[in-house]
Structures are given as structure tokens and as C-alpha cells.
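Trainee: From Swiss-Prot, here are the annotated features:
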BINDING   HIS80, HIS415  Cu cation 1 binding site
BINDING   HIS126, HIS417, HIS475  Cu cation 3 binding site
BINDING   HIS412, CYS476, HIS481  Cu cation 4 binding site
CARBOHYD  ASN28  N-linked glycosylation site
CARBOHYD  ASN74  N-linked glycosylation site
CARBOHYD  ASN87  N-linked glycosylation site
CARBOHYD  ASN112  N-linked glycosylation site
CARBOHYD  ASN194  N-linked glycosylation site
CARBOHYD  ASN198  N-linked glycosylation site
CARBOHYD  ASN265  N-linked glycosylation site
CARBOHYD  ASN292  N-linked glycosylation site
CARBOHYD  ASN438  N-linked glycosylation site
SIGNAL    1-20  signal peptide
TOPO_DOM  21-549  topological domain 'Extracellular'
TOPO_DOM  571-592  topological domain 'Cytoplasmic'
TRANSMEM  550-570  transmembrane segment
Amino acid sequence: MAVGFLLLTAFVVNILTTSAATLHYDWNITWVTANPDGQFERPVIGINGQWPPPVLSFTRGDRIIAKVHNALGNETTSVHWHGFFQNGTNHMDGPPSVTQCDIAPGSTFVYNFTVEQSGTYWYHSHTKGQYPDGLRQALVVTDPKNPYIGQYDEERVISLSDWYHDQMPTLLKSFISISNPTGAEPVPKAALMNDTQNLTVAVEPGKTYLFHLVNVGAFASQYFWIEDHTMKIVEVDGVWTHASEANMIYIASAQRYSVLVTMKNETSQNYAMVGSMDTDLFDTLPESLNYNVTGWLMYNDQADKPTPALVSAFEPYDDFNLVPVDGMALHKEADYTVTLDVTMDNLGDGANYAFFNGITYVMPKVPTLYSVLTTGSAATDPAVYGYNTHPIVLKRGDIVDIVLNNDDAGKHPFHLHGHTFQVIARSEENAGHYDPSNHTTFPSIPMRRDTVIVRPQGNFVLRFQADNPGVWLFHCHIEWHMDSGLAATFIEAPLDLQKTLKIPEDHYQVCEASGTLTAGNAAGNTKDLFDLTGQNVSPAPLPAGFTAKGIVALVFSCVAAILGLLSIAWYGMAPITAPRAGSTPSNDSDEN
């Protein structure tokens with residue numbers, strides 16, 4: 001199915017004549033029926049009865065007022081504006097139980113903030129497991145001071161994603177369960193490009209286009225390339241970079257790139273654009289799954305859409321080598337270092353969970369931001385935020401290093417809300433834990449972004465300044481891992497936040513409708529802030545001696561035993577039929 005690019009991917013911005021404005025959005029979040037891969041029709045989450053949701057275009061300095069009404073009926077919802085710093089508007093960031101309450105069915109939440117950045121972003125639900133069901137889309141912020149103004153003729157937006165046929169509540173129930181003790185993530189059913197397959201994008205010969213690339217998927221990173229065309233990377237995650245040529249890019253879930261691509265001067269043929277899911281992430285490789293999605297640059301409507309050529313190896317550009325245009329130098333030595341070790345393991349309910357330093361994230365009874373605002377001087381003590389939020393309190397202005405050691409055999413894209421960070425070190429695969437006494441020289445002008453990959457059994461070091469008071473999640477952006485607990489909470493300058501931030505009354509009304517507490521510690525205790533009795537916690541640890549393989553063996557042994565007992569019971573309850581008079585009992589032997 002060909003899709004007209006004007007509907008999904010293209011907008012031409014006369015950037016020199018635009019000015020900041022107040023943009024109003026009135027969104028009704030509803031269920032819609034869609035079949036984006038042409039294989040399976042299913043319910044998806046749309047906006048105002050439409051799916052895919054609209055690609056948004058802002059100008060730097062715009063004020064956004066988005067009224068979000070939950071008309072789903074059977075699920076709560078939320079909207080996270082991915083990549084926006086929300087400096088001074090932490091309560092508009094979007095994650096439920098972190099900076100707001102869940103928007104219950106029938107409730108309306110108003111997001112009201114000013115856009116202070118430019119580049120490529122996206123918006124998506126941050127309610128548990130929800131955005132892969134469709135509530136996600138690209139967002140682009142233009143800027144008259146964009147360093148590449150005048151070097152391109154038009155802009156295009158290309159989203160990449162994986163796609164599932166089952167809805168997320170069903171998938172999550174089986175994923176986080178005793179029947180999946182190894183934590184094998186569900187494998188997608190398809191890859192999509194702009195929420196479809198066989199996308200066509202009309203181009204004109206000789207023109208240069210600025211392509212905004214966004215991975216809005218739940219799980220799969222994708223390799224992306226355009227046959228017989230060179231891309232020049234000029235932006236990652238809202239950070240403009242010096243142009244770097246690339247033939248292939250690796251885009252993890254939540255990452256964004258802007259690339260300049262100059263068209264050929266002839267129109268005899270069209271060229272394939274390919275997104276290829278990284279199958280290293282998958283525990284199983286279904287024979288029926290096409291890991292690739294193809295679109296085409298259409299120079300000539302009458303010419304064929306060629307089948308992409310096979311590639312002998314995936315060799316993407318290494319984003320560590322990118323250099324920001326603004327020349328921000330390496331921050332000074334860290335005032336505070338946070339070391340996070342990533343593991344996957346089972347807890348007492350038999351299910352597999354994800355951990356930072358042995359802690360799996362569990363949402364508190366009171367949103368963490370609301371705890372900050374209602375605990376007075378105790379807000380500087382991590383204990384009030386609950387053990388399983390993995391709280392880390394930062395002082396304003398401190399330089400912070402995040403040292404992450406990946407003890408897992410898979411890749412992980414990690415995202416920090418409220419900031420971009422300098423990526424000052426990143427190891428190869430199987431390098432083990434970071435050794436501060438034995439590392440290469442840090443780059444003088446490090447690459448910055450808000451989502452970065454750690455390699456299997458590898459490590460990285462991120463550095464940022466705590467200059468944005470707020471409550472900011474740091475989490476894996478593979479949705480399966482986020483939902484199984486791979487998250488921590490940075491509480492940045494909490495006492496400053498108390499002086500400057502006020503929650504709007506309509507936000508409290510949303511909390512009341514959802515039955516969410518809005519004051520006190522993580523357990524909702526307002527009298528004794530250090531009494532966490534009743535706080536939400538993870539399942540108890542697994543009894544000593546149990547392993548994932550042991551659980552599998554135990555589960556199947558129990559199933560086999562139950563089936564055996566049922567068979568015996570069924571046989572024992574069956575009626576015994578005596579031979580009729582005059583009949584001859586059967587005899588299996590063959591006698592003559």
C-alpha cells in the first residue's frame with residue numbers, strides 16, 4: 001500500500017517567516033481499528049478518532065496547550081513529550097506516578113508548557129506498556145537559528161517502529177509471569193515505516209532534503225539506509241552536530257536523527273529506503289517474520305520500485321564520533337558519581353524482572369514530584385520516596401556521572417528525562433565493568449543526546465549538570481524492560497522545586513478521579529515521613545537455590561504431574577463395562 005507523503009511525512013516550513021505562537025490541541029484519546037502491516041486488523045489508540053496520530057510541528061518559543069481527554073473507557077493514559085527539558089514545568093513531563101497522576105477514563109489533563117529547544121522529538125503515552133498500542137508519533141521543532149538553514153530545500157519526517165498484533169495488556173501478562181521465567185521478550189510481528197509498509201516519498205531531482213528520523217518502536221532497534229544515497233547526520237536527539245557522512249544509521253527505540261540527503265539529478269529510477277530490525281535483540285527468530293520494512297524515494301511515478309539489494313554486513317555510523325555544533329566542552333570532573341549495574345533475574349513470584357543494583361522499579365502510591373512538594377526539608381532524604389523507586393537526590397549545579405555496567409547479554413537504550421548528557425565513554429561488547437583507572441581519554445567536546453545504547457556485557461559513562469530542578473526518570477527504553485523495572489528516579493534540587501513549582505488545580509482533580517494520593521511519602525504517610533509502611537514494593541526475592549532454568553523445570557514438572565493426576569482421575573472415574581452374556585472377551589494375541 002502506497003501512502004501519500006503529504007499525509008504522514010512531509011511539511012514545508014518557511015522558517016524565516018515564522019514566529020512563536022500559542023498552539024492549542026484538543027485531543028480525545030480513543031480506540032480506533034487499524035491494520036498497518038496489512039496482516040491483522042486490531043484496536044489501536046488514536047487521537048480524535050484517527051490513527052496514526054498527527055505528526056506535530058512546533059517552532060522554538062511556541063507555547064503548547066494540549067487538553068488530553070481519556071475516552072478509552074478501559075485504560076488510563078498520559079502523554080510524555082520525549083526529549084523536552086520542561087525546565088520550570090516538571091509537572092508537564094508526563095510519566096504517571098512520577099510527575100503526575102494517571103489520566104483515568106473520563107478525565108481531562110491539560111499540558112501547558114513552552115518549547116525551548118529545536119530538532120527532532122516525539123510524543124507518546126508513558127502509562128505502563130501503552131504506547132506500542134499506537135499512542136506515539138514524531139514531533140519536530142523548527143528554529144530560525146538552526147545552523148543548517150539554507151542548506152536544504154524541504155523537510156520530511158520518517159518514523160520507524162516494530163508492530164505487534166496482540167494488545168499490550170495481553171502481552172505484558174504473559175511476559176511478566178511464571179510461565180516466562182527467562183524473560184524472553186515478545187518478538188514483533190512486523191516492522192513499519194510511517195506506520196505502514198511500502199511507503200513512497202516523492203522527491204525532486206537535485207534538491208536537498210532534511211529527513212527527521214525517529215524510532216517510535218517498543219523493542220527493536222533498526223538499521224536504516226537509503227540505497228545509492230549518502231546521508232549527512234546533522235542532529236541527534238535535539239542536539240545539532242557537525243555534518244558527518246553515513247551510509248547506514250543504527251536507531252534504537254526513542255532515538256532520533258536528522259540527516260541531509262541530496263537527490264540525484266536524473267529521474268530514471270527510484271531508490272529503496274530500508275529499515276531492518278536488529279535481530280540480535282530477539283530470543284527467537286520466526287521464519288515467517290520479515291525483519292525489514294521498505295519505502296522508496298520516488299523520482300518517477302512510472303518507474304519500478306526496486307527490491308532492495310542484500311547487504312553483506314551491518315556497518316552503521318558510530319554516534320560516539322559526533323561533535324555538537326555548539327562546542328560545549330567536557331564538563332569538569334564529577335561532583336557525584338552514580339553507578340548502576342544492570343541485571344535480569346527472577347523474584348519470588350517466578351517472573352523475570354529487570355534491576356539496577358538489585359532494585360526493580362515499582363510505582364509509588366504518591367507521585368514522586370508530589371512527595372517532593374509535600375515533605376518539606378525531608379525532601380532531600382531519598383528514603384521518603386520509597387525503596388523501589390530507586391531514588392537518587394542531586395544537588396543543584398552538581399556535575400553528575402552515571403556509570404552504567406551492563407551485566408546482561410543484550411543491548412539496551414537508556415533515556416534520561418529532563419536533560420541531554422555527554423557520552424564520555426562507551427565500551428565495546430563484553431568489556432565488563434567500567435574501570436575508572438583504565439579508560440581512554442575522554443573527548444574534549446563529547447557527543448550529547450538523551451538516549452544512548454549500552455552494548456552487551458559492556459558499559460558507558462554519561463556526564464551532565466544538575467541544572468534543571470525536577471523529578472526525572474532514567475530508564476531503559478525497551479518497553480518490556482521499563483515495565484519489568486529497569487528504571488531509577490533522579491530527584492534534582494528538591495528544595496528549589498518547592499519554592500518554584502505549583503501544581504494546577506485541574507491536575508489534582510485528575511488525581512482525585514484516579515484515586516491517587518497527592519501528599520506525603522511514597523506510602524502516602526503525611527505524619528511520619530520516614531514510616532513507609534504500606535508502600536508499593538516488588539515481589540519477595542526468590543528462595544535460595546532457584547534459577548531460571550530451575551523454575552522452567554519446576555513449572556513443566558508440575559504441569560506434567562497435574563496432567564498425570566488428571567489422567568488417573570479420569571480413568572478411575574470411567575464406568576467399567578462387564579461383558580454381555582454370550583459375548584467373547586477380546587484377546588489381543590493372535591492364536592490359531
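Heads up, the Cβ atoms here are built off N, Cα and C, so glycines get one too.
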Trainee: Nearest by CA distance to HIS412 (Cu cation 4 binding site): which of the recorded positions is it, out of HIS126, ASN194, ASN265, ASN292, ASN438?
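Mentor: Spatially nearest to HIS412 (Cu cation 4 binding site) by Cα position is HIS126.
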Trainee: Can you tell me whether DSSP puts HIS126 (Cu cation 3 binding site) in helix, strand or coil?
Mentor: coil
Trainee: If I restrict to non-local contacts, at least six residues apart, and a C-beta distance under 8 angstroms, what lies near HIS126 (Cu cation 3 binding site) in its own chain?
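Mentor: Those within reach of HIS126 (Cu cation 3 binding site), by Cβ under 8 Å and sequence separation of 6 or more, are SER78, VAL79, HIS80, GLY94, PRO95, PRO96.
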Trainee: Please report the Cα separation of CYS476 (Cu cation 4 binding site) and HIS415 (Cu cation 1 binding site) in Å, rounded to an integer.
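Mentor: About 6 Å separates the two Cα atoms.
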Trainee: Let me make sure I understand the structure: which of the glycosylation sites listed (ASN87, ASN194, ASN292, ASN438) has the fewest other Cβ atoms within 10 A of its Cβ?
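Mentor: The glycosylation sites ASN87, ASN194, ASN292, ASN438 were compared, and ASN438 has the fewest Cβ atoms within 10 Å.
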Trainee: If one measures from the C-alpha of ASN198 (N-linked glycosylation site) to the C-alpha of HIS481 (Cu cation 4 binding site), what distance in angstrom results, rounded to a whole number?
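Mentor: It is 30 Å, counting Cα to Cα.
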Trainee: So if I measure Cβ to Cβ from ASN74 (N-linked glycosylation site) and keep only same-chain residues at least 6 apart in sequence, which ones fall under 8 Å?
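Mentor: Within the chain, ASN74 (N-linked glycosylation site) has Cβ neighbours under 8 Å at PRO105.
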Trainee: Between the recorded positions ASN87, ASN194, ASN265, ASN292, HIS475, which lies closest to HIS415 (Cu cation 1 binding site), Cα to Cα?
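Mentor: For HIS415 (Cu cation 1 binding site), the spatially nearest of the recorded positions is HIS475.
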Trainee: Quick one: which residues besides HIS126, HIS417, HIS475 have a Cβ within 8 Å of the Cu cation 3 site's Cβ centroid, in sequence order?
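Mentor: Once HIS126, HIS417, HIS475 are set aside, the remaining close residues are HIS80, ASP93, GLY94, PRO95, VAL98, HIS415, TRP472, LEU473, PHE474, MET482, ALA487.
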Trainee: Quick one: give me the count of other CB atoms within 10 A of the CB of HIS417 (Cu cation 3 binding site).
Mentor: 28
Trainee: Using the Cβ center of HIS412, CYS476, HIS481 as the Cu cation 4 site position, which other residues in that chain lie within 8 Å, going by their Cβ?
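Mentor: Once HIS412, CYS476, HIS481 are set aside, the remaining close residues are VAL342, ALA354, GLY410, PRO413, PHE414, HIS475, HIS477, ILE478, MET482, LEU486.
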Trainee: Need this for a regression test: recorded positions ASN28, ASN112, ASN194, ASN265, ASN292, HIS475, filtered to those with Cα within 10 Å of HIS481 (Cu cation 4 binding site). What's left?
Mentor: HIS475
Trainee: How many Å separate the Cα atoms of ASN292 (N-linked glycosylation site) and ASN265 (N-linked glycosylation site)?
Mentor: 28
Trainee: When the Cα of ASN438 (N-linked glycosylation site) is compared with the Cα of each of the recorded positions ASN28, ASN112, ASN265, HIS417, HIS475, which one is closest?
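Mentor: Nearest listed residue in space: HIS475.
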Trainee: Given a separation of at least six residues and a C-beta threshold under 8 Å, show me what packs close to ASN265 (N-linked glycosylation site) in the same chain.
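Mentor: Non-local contacts for ASN265 (N-linked glycosylation site): PRO205, GLY206.
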